[in-house]
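Undergrad: I have a structure I would like to understand better, so I am pasting it below and will then ask my questions one at a time.
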Amino acid sequence: MRLKRFLLRYYPPGIILEYEQGGQTKTKSVDLLDLKPETDVDAVLDEISRKEPLITPSRMDQVRTLINKLQLKLSAADDHAFYLFKVLRAHILPLTNVAFNKSGSIDKIATGSFDKTCKLWSSETGKCYHTFRGHTAEIVCTAFNPQSTIVATGSMDTTAKIWDVQTGQEISTLMGHSAEIISLSFNTKGDQVITGSFDHTVTCWDVRSGSRIHTLIGHRGEISSAQFNWDCSLIATGSMDNTCKIWDARTGQCIGTLRGHEDEVLDVAFDYTGQLLATASADSTGRVYNAVTHQCLVKLEGHEGEISKVCFNPQGNKILTASADKSARLWDPQSGKCQQILAGHSDEIFSCAFNYEGNTIITGSKDNTCRIWR
């Protein structure tokens, strides 16, 4: 194996190693999820040199420079306020879900709709690249793989479909649930996708073969949300049974149940370290839990209607929520204080997302528009 070059990954912090093996170019990542501006760089370098044989002593000065760049990015002040940039009038029938692509290249947006289609858009120009057709009922969830090469859609027709972003063609159909699929999420490698269903289960699928890996069974109500953490060791699920469960992604075993919400848990989201887990509920509150101890750290209170969506920004220092009260809100995950209210939609907001850099937000509403905020 021969190391060719380093690539810097800001979110989450890490260094990508591009290397040659058997005439093929491959990549692997050195994750630095616990890196802080005050972290001792020498200690990090020592650990990398012990664990990563590709990085020789002659390359360590380069690695030090990259870590310093990451620390500089982490220490940058984040007092950005968001303002409306563009309104997309997307589908003939109401929208159900919006998703940003995951890579740092041109921002693309996927929208799902009651019209049974998913559309792929440019967030810059509003141009529609593709319309994905094939589901026989409403599309209620969409997700890009981390490489942004495929989009997955989940539908009320009980199936999920995988689509090629470049060509717009259907790659495969995932069949096996006995009720509607209303949540899906890829793991970091992009080789697995999980689907959450009204049949009370979550299924983990192999993306390449379309085969079922295992099924998570334990909730007593419909599944509303399912997410992997960054290192793919954990899966979090939210349910209409008012709880959130944490599962071992490798074995499919439940390792904890998070209680406290007084109504259905409608969404869950990990921060990039996998240390924090945010939940959104029909009781109009959000909560932030320690994903390891399962302790509730703060409550997010202020919305006047159910919160249907929650997500962390890539930096992990803001939480975004979307609510039936027609507003989206930004929160400090440490204090639970509301930092900004995004108002302007004329109906319920059911979906929201950050782009890769965390400097653009998209909100999707029952008013049949997407709003892009910068």
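Glycine residues also receive a Cβ, built from the backbone N, Cα and C atoms like all the rest.
Just so you know, TrEMBL annotations are computer predictions that nobody has curated.
Take a look at what TrEMBL says about it:
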- 88-131: repeat 'WD' (REPEAT)
- 132-173: repeat 'WD' (REPEAT)
- 174-215: repeat 'WD' (REPEAT)
- 216-257: repeat 'WD' (REPEAT)
- 258-299: repeat 'WD' (REPEAT)
- 300-341: repeat 'WD' (REPEAT)
- 342-374: repeat 'WD' (REPEAT)
Undergrad: Where else in the chain does the repeat 'WD' (300-341) make close Cβ contacts, counting only residues six or more beyond its ends and a cut-off under 8 Å?
TA: 10-12, 74, 78, 81-82, 263, 266-273, 276, 278-288, 347-354, 356-358, 361, 363-365
Undergrad: Which residues of the chain, 6 or more past the ends of the repeat 'WD' (216-257), have a CB below 8 A from one of its CBs?
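TA: Residues 12, 31, 33, 179, 182-189, 192, 194-204, 263-270, 272-274, 277, 279-281, 289, 291, 294 contact the repeat 'WD' (216-257) from elsewhere in the chain.
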Undergrad: On average, what pLDDT score does this prediction assign to the repeat 'WD' (258-299)?
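TA: That stretch averages a pLDDT of 97.
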Undergrad: For the repeat 'WD' (216-257), give the DSSP counts of helix residues, strand residues and coil residues.
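TA: Taking each residue of the repeat 'WD' (216-257) in turn, the totals are 0 helix, 23 strand, 19 coil.
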Undergrad: Tell me the residue counts in helix, strand and coil for the repeat 'WD' (300-341), as DSSP assigns them.
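TA: DSSP classes over the repeat 'WD' (300-341) add up to 0 helix, 21 strand, 21 coil.
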